[in-house]
Structure formats: C-alpha cells, structure tokens
Amino acid sequence: MSAVSHRTRLTVVPSYRIAVGRGLSILAALNIVAITLTAMGRSPVELAGLIVRSTVGSRFGIEDLALFMTPLMLTGAAVWVGIRVNLWNIGAEGQLYAGATAATAIGLFTNWPTLVALPSMIVAGMLAGAAWIFVPAAARAWLGVSEIVTSLLLNFVASLLVYYLATGPWADRVTGALASTERLHTAFPELWGAVHLGFILALATVIGLGIGLAKSRFGYETAVCGSNPQAAHYAGIGVAPRILAVLLLSGALAGLAGVFEVAGTVHRLQGGLANNYGYLGIVVALLARGSCLALIPAALLMALILDTGIVLQTTQISSSAVLAITGLLVLAIAAGDELAAYVRVNRT
Amino acid sequence: MADVSHTPNAPPRHLPAGTPPILELVNIAKYFPGVIANEHVSLNVFPGEIHALLGENGAGKSTLMNVVTGLYQPDAGEIIIDGYGTTFPAPDAAISAGIGMVHQHFRLVPRFTVAENLHLGWSETPKRLSAKDIEGRAKELSARFGLPVRPSAIVSSLSAGEQQRVEILRVLSRGARLLILDEPTAVLSPVEVDELFSGLRRFRSEGGAVIIISHKLDEIMALADRVSVLRQGRLVGTHHVADVTPDSLVTEMIGRPVALATSYPRQVPVLEVGKAELLSLQQVTVRDNAGVVRLENVSLSLRPGEILGIAGVTGNGQPELAEVLTGLKDPESGTIFLNGKAVNRADPAMFAHAGVGHVPEDRLKRALMPGLSVAENMALREYDRPPIGGKFGFSMPQARKFAQMLADKAGVKLPGTQVQIRGLSGGNQQRLVLEREIRIASHVLVASYPSRGLDIGAISAMRDMLARARDAGVAVVLMSEDLDEIFALSDRIAVLYAGRLMGIMARADADRDSIGALMSGRSLSEAA
C-alpha cells in the first residue's frame, strides 16, 4: 500500500540480529573513518594495511593487543557487574589507581619471594580498589546518593594522589625518570613475549565471574535487587547490603586491573598509568550487553582501537583520533543495536 | 443454545435495518510462534452501538484490538472501514481512520497538565503555544464532548477516573468515531463508573461506536447493545444483549457452565480454632511516609483454618494492614505477635520463613521483577532451599523446572520459562503469584484483591484454592472490594474505615446492610 515498508519493534532481540547489526555498524564506522582520512589526503587502503600489519599481522602487535586487553577486560567486568543491577561505577579509573598503588607499595618496599609477593599484591590491590569505592557504595546503599557522581569525582583524587606519590615520596631517585617510581622488585612472569600471567588471570576472572553469578545465590539475589528493589524487600532480601557488596566487588575488579597493569605491564607506578582504562571499561561493558563472556571480544575490539590509534600517531595523525574513532564506533553500535530490534512487518 | 441467538451481521435492534457497519473484521487471524492468538474472527461494529468483547484471560481480546488499532498486522483476513478494505501499517493510520483506544494503563505524562497531555503529539496543536491558549482549547474540547476536566491540573494529582476522562478526551479530540476501551472500570469507584457509562451512552447517541472489553458481566448487561465472545482465539458468538443471560455468556466464554459458589463449606472438620493464635495485632497504629495515620489502634488475631474477610472501600488502610501482617512495615505503636512472640522489627524474611504468604495488591510493583524471566520470578520464595538453591548455590535449570511445575498447576500456558514475566497477561501473572504464595503459606496467607484482573473461571479456581488452604489449617486474610466474595468465603468479617477497624463479626451474624453501614463509617448502633 505505502511505499515505505513498516516495521515493528521486538521486545526480545535474538542475538544473531544483534551480531549482524553490529557487523554492519562497525563497517559503517570504518567507512566514515576511511572517508575522513581520504579527505585529509591520506590513503585509507595504505593506512589500513599498515594497521593490520602492525596489530594482528605481527607478533608484537598481537602481544600489544593482549596487554591492552588485560586491564580492559577487568575494568569492563567492574562496570558490567554494576550495570547488571542498575548501578553505574564510573570510578573504575580511580579504583585502578588505588589497586596499582597498593601493589606498588608491596613491590617497592618488600623483598618477599615472588610466590608470596604476587598473591599479596593481588589481595592488597583488590582490597584497595574496594576501599576506594567504599564511601560512594555505602552512601548509595543507605542514603540513596547517586554513585555515578561520587565514584566519578574520586577518579581525580586518585589520579592526583598517584602523581603526588610518583613525583614526591616514591619518586625514582636512581634514574630520575619523570613522574615515576623505581621499577618494582617483583613482576608477573612473562608467558609469551611481553604477555604476562595477568592476561590469563584476567581471562579466568571474567569467565569465573560469569559462571559464578549465574550459579550463585548471590547472583540471583543481586539480580532481584537490581530489577525491582521493592520485590526484593518483599522477599526478605536486604537491598542495601547487596548494593554495597556489588559495588565493592566492582571496585575490587578495577583494583585488580591496576595490579596487573603496574606489576605486569608497566613495572612502575606512573602518573597517567590508568590510560583511560577505567572509562573505556564503560564502553567495554556496554558492548558486552547482558553477557559476561562477551566482555572478552568487547575488550579485544577496544584494544584494537587503542592499537590503531598508536599506529595512526606514527603517521602524524593526532592522538585524539582514538577518542573520535571510539566515539564513532560506540555511536554506530548503539544505533545498530537499536535498529536490530526492528523487524519488517510481514504482510500477506 | 448459543447458536440460536448468534447474529454476527445484524445491527443492534435500535438501529435501522440497513445501517452500514463502521468496522468489519473478516476472518482475521494472528499467529505467534506456537500460539494461535486469533483465527477466523469476523465481527461488525455499527455506528451508534456499544459492543462488548468478552473472553477469558488469554482468549485473544487484546491481540484482536491490537490488530484493529494497527499495532499488529493480521496474518490473514480483512479489515473494512466504512465499506473499504484497509490495512493499518501503524497505529497512526488507525487513528486517522477514526479508531481510538483507551488502554487499561493510561498513556499520559504524569507531570504534565491535562491541557498539555491533550495537545501532545497532535497535528492540530498550534505551532506556537502558551499555557493559556492550550488550556482554552482544552476547555472547549471538554465542553464539546461533555467530559468535564480541569485543564490546568497536573495529571498525577488526578483520580483514576479523571485521568481516564483525559485519556478519552484525547482520543475523541483526534476525531475518533470508534472508541475502544480495555477494562475501563477496573480502576474506577462506583460513582466514576456511572459517570463513564453516561458519557459512553451520550457518545453512542451521537452516532459513535464503542468496543468495550470487560470481565464484569453485569456491566456488559447494563451498558452494551451486543456482545461478542472469544474463546481460545476464536469467535464463538455475537449476540444482542437482550437475548443472553450472564450464565449463558459464562458458559460460552469458558466452554462449560461456571457459577461462582456463594459458599465454600469445609471439606474437613473444623480444626480446634482459637487455641493457637498464629498472628495477631494489638493496638497497631501505622503512619505513611508523609506522617498521615493509615491504621489506627487496630487489634485482630488470625486463627488457623479460618478466613478473615476484610471489607471496606479501597484506600481505607488495606495496603498498610497487609504490610503490617507480612512484616513489610513497622508499626508506629502497638505490637505484632507472630506465633505468640512479639515482633520487634519488621522483617519480611522472618515472616516468610514462618509460613506467611502474601499476594499483594500491586503484584507487578511488589511481588514480581518485570524484567526478569518467569523462572527467576517463580523462584523468589524458594531460591534459598533445595532443589533450586542452598546457602550459596542457585540452579537455573531447577528454577525453570520449578516454574514450569507452578505454571502447570496454575493452568498457565507459558511460551517458555525464560521469557520476561512482563510479557504475560495480568491474569496469568496473578495466577502465578497466587500459586507461588500458597505454596509457602503454611500458616498464614494474606491475599489483597486476589480476583483483580482475573476472569470468572480463574476467580472460581482462585477461590477454591483459598478454601483448600483454609481446610489445610491456614489462616487466610482476604481483602476484597467485592462483598459477594467476602460473604462467600469468610468465616469472620472485619470492616476497615479510615484506618480503623469498625468491628469484627462472625459471617453468620453479618448482613449486607450492617457491613455497608460500617463501610461508610457509621457504627452499628447508628445504623440500627
């Protein structure tokens, strides 16, 4: 009858539609990037070849991807456990710093054997990450203060504290490196080139988290609290303690990212260590939607973008290109997810 | 029996013989995966007619109306408007063809004024507007259609009846000639129902057509000209209301005669009542968050194997009484005794573990997680014990099995246990909640308005369930706005008025007049 075919919105979108939608979205975003590069007088084909060669096309590139993925999987998981119950931890950046600082303290001021030092770093880092979100979490649980604002603001506090430590009391007096501590005495063992044990542990954490939440009473109770706090109260589930627990878990995951980053990849506590991993974790979590395991490919995609940015920088393209490409991609994927929910009305 | 009066194509008798229908549905079918929602549905609606649509929960009424309003596309069949075959690719096409729907849950913006709501998304809304202009226009509309509204009032401050008038006015102002109302009286007080009906009759006398979906047979008998009955997605009959009786309609709707029993005699001998007091309140007073007293000095006790009916006009303290009885709310003063022990702090988990079940008034808001699956919702009361879970674990496969078992028992056909519960009809949600709560209510069951949204077959099943629980020794509290229901089931009847208990009497000593007097706030001596 009418020229435009009509569509209706599905309430439950099958995952193959999401997959197709996202494939098309990524293609569209890449095309826009290519057009922009052409307009700048660059050859997109040449640049694409360079990017592929220096990321997935080379040993170093793949190592780099794994190193980027390690913190991204964990900050992604940190944000994801919150979103699952309607809580938004925007402070993964700060909790990552807190975890890294705790690990650094052990790495700089003890001479424990590796088998003792590494587990202690993990425990201390997770506790520090949880401690860094404790006040926002408790305020959210019992006073209803928005965790979005409070967790965000603590990022700046954490970042400045790390700058203070790295330039002040913990500054490297031996080599005189700027805004950095000495090299830690202990490191996560390297398994494959620069890829260290942290990568495997991060993978295992994400997989364990997914299975654990699906098969535990804690996972069920927090899902109820997130979906309808009134129904949780009705069923005798205390909402406030569970909000606190979920946010502390979220902080601990981000803290763990900091441990791996400082004791596995960078080996020194530096200003700017977090490298926006906390904020990019939000993107990773959003890309993963409802599934914890999907955090892994989402982190891989994000790692690819970060790597692409570095490659582009070597060809004199501004480092802000990474942010622009990330934004473009997220926008395209959000639109793709939405459009995937619409099906053409079949008329007979 | 039914077929004799089945007259699908004849206009109502007060209309001239040759009147052309405004809407004709021919052999409409709509299928969902694994479900026949509608099949072979043919129906005429004439201008100047009020046409009732009747059917059980899940009989396909809502699907059919979604087809008529352009929300769904029929998989087969034709929609004919004023003699011309049409398709409605989207709801706006149905609106411009003069079909307007008033949904059960109002689609108004609560924070906007009445005038703003009326002008939302309307092509005739002036491009530049001021509050004064649109309020003036709203006043005109209100006068033109004879539906009194206050244009400057904020919608959230209005009563349900007033909101409904705004909704109807909005539909009519867009030129609707066919008005579809889904359970319009469910949320209205009796006075508001009368106002609504006189408004609809005026609309009819001006040549408008009305389709009204209702479970309430007496309303259909009083208001409608013709009635169509759907069963399992198929049209089983269209009749002039004068040719049918409520009983024949029920038989046609359910496929067998169902009469709601007027009493539920015990199947087992009465237990020794009075000895054990499972749950009792002593001089309990409750204030809401705004500090208003909602319950005042209420004392009552629940006895095993007995149904206590709570009569009263809605909003006289019923939700607060249910909350106090189930550990959801701490009283401001007074004491709650659970199994003989005073309760210091409200703890719903403690009450649930002591065998207190609760079917709350607003099940979607309070008893269900709309965004979670049926399996997760059904597990809510038993997730902490085997087989579903334990101290730490939770098994989704077991939860799904459990949910399927509850659904089978409740007679609810599920499209799957992994679907979101918000996708089920209100009646099916209610049946599932009832089944879930009766399972854990080993001692006390507090049921607030359990028949809301249920069709007559489901109400009958629900009442049987309550009676069986009583026979098993459970103390049942039944809050209902339906006095027939209270009288049919209760052993004792209490009346709530303005938060005070006006008296508790044995069923044998109670009569409608005295209960009615208490409900309006007069004491028995005044009534006498």
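Yeah, the Cβs are placed from backbone N, Cα and C, and that goes for glycine too.
Within the chain, the transmembrane segment (A:24-45) has long-range Cβ neighbours (under 8 A, six or more residues past its boundaries) at 315, 317, 325, 328-329, 331-333, 335-337. The transmembrane segment annotation in TrEMBL covers A:24-45 (among others).
Counting residues 6+ beyond its ends, the transmembrane segment (A:65-83) has Cβ neighbours under 8 Å at 55-56, 89, 92-93, 95-96, 147, 192, 194-196, 198-199, 202-203, 205-206, 209, 213, 246-247, 249-251, 253-254, 256-258, 260-261, 264-265, 275, 277-278, 280-282, 284-286, 288, 292, 295-296, 298-300, 302-304, 306-307 in the same chain. Annotation source TrEMBL lists transmembrane segment at A:65-83 (among others).
Residues or ranges marked as transmembrane segment by TrEMBL: A:95-112 (among others).
Among the features that TrEMBL reports, transmembrane segment is placed at A:118-139 (among others).
Per TrEMBL, the feature transmembrane segment maps to A:151-171 (among others).
Feature annotation from TrEMBL assigns transmembrane segment to A:191-213 (among others).
Residues or ranges marked as transmembrane segment in TrEMBL: A:234-257 (among others). Listed as Cβ neighbours of the transmembrane segment (A:234-257) (distance under 8 Å, sequence separation of 6 or more from its ends, same chain) are residues 70-71, 74-75, 77-79, 81-82, 84-85, 87, 89, 91-93, 95-96, 98-99, 102, 122, 125-134, 136-138, 140-142, 147, 202, 205, 209, 218, 221-222, 224-225, 277-278, 281.
Same-chain neighbours of the transmembrane segment (A:277-305): 18, 55-56, 64-66, 68-69, 71-80, 83-84, 90-96, 155, 203, 206-207, 209-210, 213, 254, 257, 261, 322, 325-326, 329-330, 333-334, 337, counting only residues six or more beyond its ends whose CB sits under 8 Å from a CB of the stretch. For A:277-305 (among others), the entry in TrEMBL reads transmembrane segment.
Annotation comment: TrEMBL describes A:317-336 (among others) as transmembrane segment.
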Beyond the flanks of the transmembrane segment (A:118-139) by at least 6 residues, Cβ under 8 Å: 89, 91, 94-103, 105-107, 112, 145, 147, 150-151, 154, 158, 186, 188, 201, 243-244, 247-256, 258-259, 263
